[in-house]
Amino acid sequence: VIGGDECNINEHRFLVALYTSRFRTLFCGGTLINQEWVLTAAHCDRKNFRIKLGIHSKKVPNEDEQTRVPKEKFFCLSSKNYTLWDKDIMLIRLDSPVKNSTHIAPFSLPSSPPSVGSVCRIMGWGRISPTEETYPDVPHCVNINLLEYEMCRVPYPEFGLPATSRTLCAGILEGGKDTCRGDSGGPLICNGQFQGIASWGDDPCAQPHKPAAYTKVFDHLDWIKSIIAGNTDASCPP
């Protein structure tokens, strides 16, 4: 996260970290949505990875830290054919449930869609410099704004984004605050509701008039709830 500060240790109990199998690299974030399920971005998938819950500092473990591996992974249309503007969402079933503890608690799914102009919080262990490979030991948090989708469509003509999509656009038009590499899959929390999953943005991050895109959680609620309920054939909205 660019332009932020260390998150309060109590404000991110639902934030999980995806690590490579030997814990060498924290490569993505995710959100615990109940005791057995994590929501993240499809582009965070890799063959072997582990999920750490209840962590704050990568160097100083919390007593209630937990580690899990994926038991099952679900994608839209159960394929990985996500594009830059569509279906960048992955639902992970943990190999065993986690109990709530001091630093672990799920975040409920949104009850209403977000509105443009909302203040949204982003968080993660991703890069804190737009140009250098500088990663923090603790998650950083910052507030940005939910913008019109057009604001993400216009600055990136090379992506050929469609006129509408199941993507949210968020950032600060003057730049300086943004998610960055390593923050993918983490939550966008608008007015206290979990509304987005960090999907993609410009490189370097946090440039003026180059906001980032977040998968819209609200549009995928039926799919998420169906999968969790055991209907594994559920398909995402078209």
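Each Cβ is built from the backbone N, Cα and C atoms, and glycine gets one as well.
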* To do: Looking at the disulfide bonds in Swiss-Prot, identify which of Cys141, Cys152, Cys169, Cys180 pairs up with Cys7.
  => Cys141
* Cysteine of Cys44, Cys76, Cys120 paired with Cys236 via disulfide, per Swiss-Prot -> Cys76
* Looking at the disulfide bonds in Swiss-Prot, identify which of Cys180, Cys190 pairs up with Cys205. => Cys180
* Asked: Which chain-mates of Cys141 (disulfide bond) that are at least 6 residues away have a CB under 8 A from its CB, listed by sequence?
  -> Val1, Gly4, Asp5, Glu6, Cys7, Asn8, Glu11, His12, Arg121, Ile122, Met123
* Asked: Between Ser184 (active site, charge relay system) and Cys28 (disulfide bond), how far is it from one CA atom to the other, in Å?
  -> 5
* Could you tell me which of these disulfide-bonded residues, Cys76, Cys236, has the fewest other Cβ atoms within 10 Å of its Cβ? => Cys236
* Structure fact -> Near Cys44 (disulfide bond) (Cα-Cα within 10 Å), the recorded positions in question, chosen from Asp88, Cys180, Cys190, Cys205, Cys236, are Asp88
